[in-house]
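Undergrad: Below: one structure in C-alpha cells.
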Amino acid sequence: MFRINLKIAFRNLVKNRVYAAINICGLAIGLTAFILLLLYINHENSYDRWSPELNRVYQLRERHDFFTPDNKQYWQEVNDSKVAALVRENIPQFKYVTKVDNTWGSGSSIKAGSSDPVMMDYIRDADSSFFKVFDYQFLQGDPVTALNQPNSIVLKQRTAIQLFGTDQVLGKEVKIVMWRTDKGTPMKITGIVAEPDMPESLLFDAIMHTGEKDKDPINYTNFCRVYALAGSDIDTAAVNALLQKTYVDFKKSSFVQRKISFTDVYKTGKTPGLKAIPLKEVHASPPFDISWTDQIKPVIALSVFLLLISVINFVNLATAQSAQRAREVGVRKVLGAFKKQLMVQFLLESAIQCLFALFLSIALVELLLPMFNTYFEINLSFWYSHQLLGILTQLAAVFITITLLAGLYPAVVLTNYQPVAVLKGNYQHGFKGVRLRNGLVILQFMIAVILMISIGVMKLQTSYMADKNLGYNKAQLININTNYDEGFVNHIRRLPGVQYVASTTQVMGNVFNMPEEISYQNQNYNMNTVTVTMDALPALGVEVVNGRMFSAKYGQDTVNTVVLNQTAANLLGKNIIAKSYDVKSENEKYTFQIVGIIKDYHNEGFDKAVLPTIYKVTMLGGTSSTNNLLVRFNTVNYQPVIKAIEKEWRALYPDFPMIYTSAEDTFQQQLKSSHRLVQMIFLFSIVSVALSLLGLFALSAFMAERKIKEIAIRKIMGATDFQVINMLNRSFLILVALANLVSWPIAYVLINKWLQGFAYRIDMPFMPFLMATFMSMIVSILTITIRARKAAVSNPVEALKYE
Amino acid sequence: MIELKDIEKYYASKGVKSYILRHVSTTIKQGEFVSIMGPSGAGKSTLLNILGMLEEPTYGSYSFMGEDVTTLNERKRIELYRNHIGFVFQAYHLIDEMTVEENIEAPLLYKKVPGAERRSRVADILDRFNMVAKKDLFPNQLSGGQQQLVGIARALVAQPSIILADEPTGNLQSAQALQIMELFKKLNEEEGITIIQVTHSEVNAAYGSRILHLLDGVIKEDVNL
C-alpha cells in the first residue's frame, strides 16, 4: 500500500511538474531562510555552554553611569574592582571570585623571542582565581597553580601556535606591552588551554597574572569584570537580595569615609545596585545594546512570513489541483478506501514534496553559509556543527509542521469528496476551497505589499542617514588609538600634510561621556562634559554658531572657558555668550565662562539624540586619556602621510604597533547594523514578492484551465481576446487590491514604530505606499495576463469538442 | 439478496418536491442479471446509486444481504464495498496514474489481501482477460473497450457477490459493447455473480435475465426473460 502510494505520488509530481517545481522551490527558499535563522539562533544560544561547570558561574553587574553613551545608569559588566572582595567576604554561596580586565578594545602587544610584536585584542589581566572559576581544559600546565605567581600567562592553544608555531611552549617567555609607552613585562607561560568548541562571551587570547588585579586601589576606582563560581546550585533571587544589601552598606560606609552624603549622590533618581546573573544569560543581555534576541525579532518575523508565503502557495496549488484528483478519490472510495487511508496518501504526497524542498534547502544552506558568515561576521556551519543532532531534530520538527500545514487542508478537501458527485464526471461542485484560497492570496499579498512599503521607507531613511550632515567633516580625518603625548604630537605635527593633531574624549567610535550638574542663573542643568585639546574642535571641522572656538591666544582657555553645543545652549536660553555658570563640588565652587556655541555634531548612531554638551580644554590637553588622537590632513592623498606617521611611531615605540581608523570607516561601521536590516528586508521582500507572483501565476494557470469551457463559450458569443483576459484578471485583481487596502494601515503602524527608534528620522513618506500598490497591481496584471492570453487566443472548438 | 421497500427520492426546492423515485419496491435475488431501462431522467442512475449506497433514499427501506443498510455509517459501507460490491462505470474511472496491473490490484490492497495471494489473483484476472501484455500500460494508452475491460477486471478481482454497472457500454463501439455484454453473461452464468446494469440498449438488456422499466421514477414494468 505504502509503495503504491509512493509510486502514485511520484507519478503525480511528474505529471504536474511545473506546479510541483513551483511548490518545491518556493518551500525550499522559505525553508532555507528558516534554517539559516535556526542555525544563527542555535549559535547565539550556545554561548558559554562549553562545560557543565559553567552552570554555576555568575557574572557580577554593578549599576552605574560611567562609560555610558547617554549618562544614564545601566547594569554594567564592568564593576568597581572592590566588588570582588566584597562578594568574596560577604556572600558565602560563592566559592571563588575572580577579577578580570575589560579590554576596552585597545589591545596589547605580545612578542615571542625576537620576532615582530603581534597586536592581540584580548590579552586579559586576571587574578589568580581565574581558572578556578572558568573550567578551561588545560592541555599543558596545572589549572590550580597556573596563575599563582605574578607575571605568569596562560595562552589559548591557537595563540601559542600563532606566536611559536607549536603549542609545546610551557615554561617559555613572552613579552607583553600593554600600552604604547609601556616598557614591557616578560611573562612565563604556565599553561596552554584548549579552545572550547562553543562560543564564549568572555573572549581571550591569553590570560595573564600581572599582580595588578590582586589589590584594589584606595584613592581611585579600578574597573574590571567580576565573575564568581557558586559552590552548589543557588537561589539567584536570594543571593541577589543579599548582594544588593551588602552593596548599599558598602557604598554608605565608603561615602562616610569620603565625607559625601549618600542621598546627595543618588538624589537624581539614580540608585545603587549590584546583582549576579548566570553566565549563560550574559550573552543575551548586553549592558547597552539591545540583545540578540531582540535584534533578530524582525528577522524571525521575516523568515516566518517567507515560509508562510511558500506554504500558502503550496496549499493554494494543492487545493486548485484537487479537482484533478477528485475522480480518483471517488473511485478509491468505492473500491473500499477509508477516509483515513486517503488522508495518509495525500499527506504522504505533501511530505514527499516537503522532503524534496528540505533537501534542496539544505543544499542551498551549504551553498549560502560562506556568504552568510562573511556578511554577519559569524562562523556557522551545518554539517560540522557540534549541535548537528539538535539541528536535525529541529529540522524534523519543521518538516512535520510544514507537511501538516501544507498538506492537511488539501487532504481534508480531497477526502471529503462524495463519490456520487465526482463520478458523474461533473466536478465543478468538487472545486472547493475557493474562499480559503482567496483569503490566502490576500494574506500573501499583504505580506508582500507590507514588505515593499517597508523597503521603500527604509531606503529613504538610510539614504537620509548616509547623506545627513554629521556636523563634522569625516573626510581626511583619522583617529589613532593612543593618548595625547606632547612629544609624539610635536613630531607628527611638523609632517607635511598634517593640519591638526588633537585629542578629545568624544568622537564617533570612542565616546567617554562625563555627566556634570551645572548651576546657571540659579537653575540646575544636567550636562555632558567633554575634554578636548585646543585644536580638537577645528580638527573635527565643527561649525561655530556664535562666539569663538578655543584658541592659544587666550590664556584663560586652558583654565575656565567653555564652548557649548547647540543643544546645551538651547537648554540655557538666549544670549549666553560671555555669561558664566558654576559647578559645585565638595564645598568648592568653580566658575566657567561660555565663549562659544558650536553646531551639534554626531558621535553616536542616528538612533541617539545629541546630548547637551560642554567642551572644556584641560591644562596641557593631556588628561583626556581615552585613546583618541585625531589627525586631520590637508591633502586628499594622505596615505603617504600616514606612512610617515607610522615611521615616527616605530622610532618611538618599537614594541607597540600603531592602530588607527579613518573617521569615514567608523561612520560606515555605525550605519552597518541598520544597513544590514535594510538589506535583509530588501532580500526577503524580493523573494517573497517573487514567490507570491509565482503562486499567482500557477493559480491563474489553473483558473484558465478550469475556465477553458467558459472561455470558449464566451468567445463563440463574441468576446474579444482582450475581454477574456480582462475577465481572468478581474477575479485576482480584486484580491490584490483588497490586500493593498489592508496592508496600508498595518505597514504604517509597523514602519512608524521602526522610525521612532531613530532620534533623527524622515517624516513618513507617502510615495512608498503608492509605489507598492502600483507595483503589486501592475506585476500581478502582467503575471496573470501571460497565462490568460494563452487561454484567450486558443481556438474555442478545441475546448468544446470533447465533452 | 436485495430488498427495496417503498423507496422514494425527492429534492425539495422552494417547498416543491421534485420526485426522482416514487414507491420503488422490488426484490433482487442472488444470481440474477437485472437491467434497469428507461428514458433519460427516469431515475435509473439514482436507483443504481441507491443500490450502491452512494446515495441515500429520502424515504423507504433497503436491506442488503439481510441487513438494513438504509442509513449506514461510512466505515460499514466501505466494508461492504470491499467485500461484496463491485462498480463498473460508463466513463471507466480508472486511476490515471496507475498502470493496468496497479489499477486491478488497488481493491485488494484496501482489502488487505496478503502480497502473494494478491499477485496471483491479479495475474489470474489478467490472464483471463487476455491483458498480460498490457499490464504495465497506463489507462490513456488503451482503447475505450480495453479500459472498460480493466474496469470490470478491477471490479471482479475482489470477488464481489454483486456488480453494479452504470451504462458500462455507453462510451463504447458496438463490437466492444457486445464483448463486454458476453463477459457479463458469462460471469453471471458461470460464477453466479449478481449483476445489475443501467442501460439504454434493448440489445444489452437482452443479455440479462430480468428488465426493470422505469418511467418518471416509477417501476412501470418488471419483465423476467
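For all residues, glycine too, the Cβ spot is worked out from N, Cα and C.
Any TrEMBL annotation is an automated prediction that lacks curation.
Straight out of TrEMBL:
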- A:21-244: domain 'MacB-like periplasmic core' (DOMAIN)
- A:301-419: domain 'ABC3 transporter permease C-terminal' (DOMAIN)
- A:447-646: domain 'MacB-like periplasmic core' (DOMAIN)
- A:683-795: domain 'ABC3 transporter permease C-terminal' (DOMAIN)
- A:20-41: transmembrane segment (TRANSMEM)
- A:299-318: transmembrane segment (TRANSMEM)
- A:346-369: transmembrane segment (TRANSMEM)
- A:389-417: transmembrane segment (TRANSMEM)
- A:438-458: transmembrane segment (TRANSMEM)
- A:680-704: transmembrane segment (TRANSMEM)
- A:732-751: transmembrane segment (TRANSMEM)
- A:766-786: transmembrane segment (TRANSMEM)
Undergrad: Other than its close neighbours in sequence, what residues sit by the transmembrane segment (A:299-318), given a CB gap under 8 Å and a spacing of at least six beyond its ends?
TA: 19, 22-23, 26-27, 29-31, 33-34, 36-37, 350, 353, 402, 405-407, 409-410, 436-437, 440-441, 443-444, 447-448, 451, 680-681, 684, 687-688, 691-692, 694-695, 698-699, 702
Undergrad: Would the transmembrane segment (A:680-704) and the transmembrane segment (A:766-786) count as touching if the test is at least 3 Cβ pairs under 8 Å, pairs 6 or more apart?
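TA: Checked: the transmembrane segment (A:680-704) vs the transmembrane segment (A:766-786), in contact.
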Undergrad: Against which stretches of its own chain does the transmembrane segment (A:732-751) lie, if we need a Cβ under 8 Å and a gap of at least six residues from its ends?
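TA: Those are 438, 441-446, 448-450, 453-454, 457-458, 696, 699-700, 703, 764, 769, 772-773, 776-777, 780-781, 784, in sequence order.
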Undergrad: With DSSP, how much of the domain 'ABC3 transporter permease C-terminal' (A:301-419) is helix, how much strand and how much coil, in residues?
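TA: Tallying H, G and I as helix, E and B as strand, the rest coil: 102 helix, 0 strand, 17 coil.
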Undergrad: Cβ under 8 Å, sequence separation of at least 6 from the ends of the transmembrane segment (A:766-786): give me the contacting residues as numbers and ranges.
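TA: Counting only partners 6 or more residues beyond its ends, the transmembrane segment (A:766-786) has Cβ contacts under 8 Å with 445, 448-449, 452-457, 460, 689, 693, 696-697, 700, 725, 728-729, 732-733, 736-737, 739-740, 743-744, 747-748.
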Undergrad: Tally of helix, strand and coil residues over the domain 'ABC3 transporter permease C-terminal' (A:683-795) according to DSSP?
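TA: DSSP composition of the domain 'ABC3 transporter permease C-terminal' (A:683-795): 96 helix, 0 strand, 17 coil.
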Undergrad: Could you give the mean pLDDT over the domain 'ABC3 transporter permease C-terminal' (A:683-795), rounded to a whole number?
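TA: 84, rounded to a whole number.
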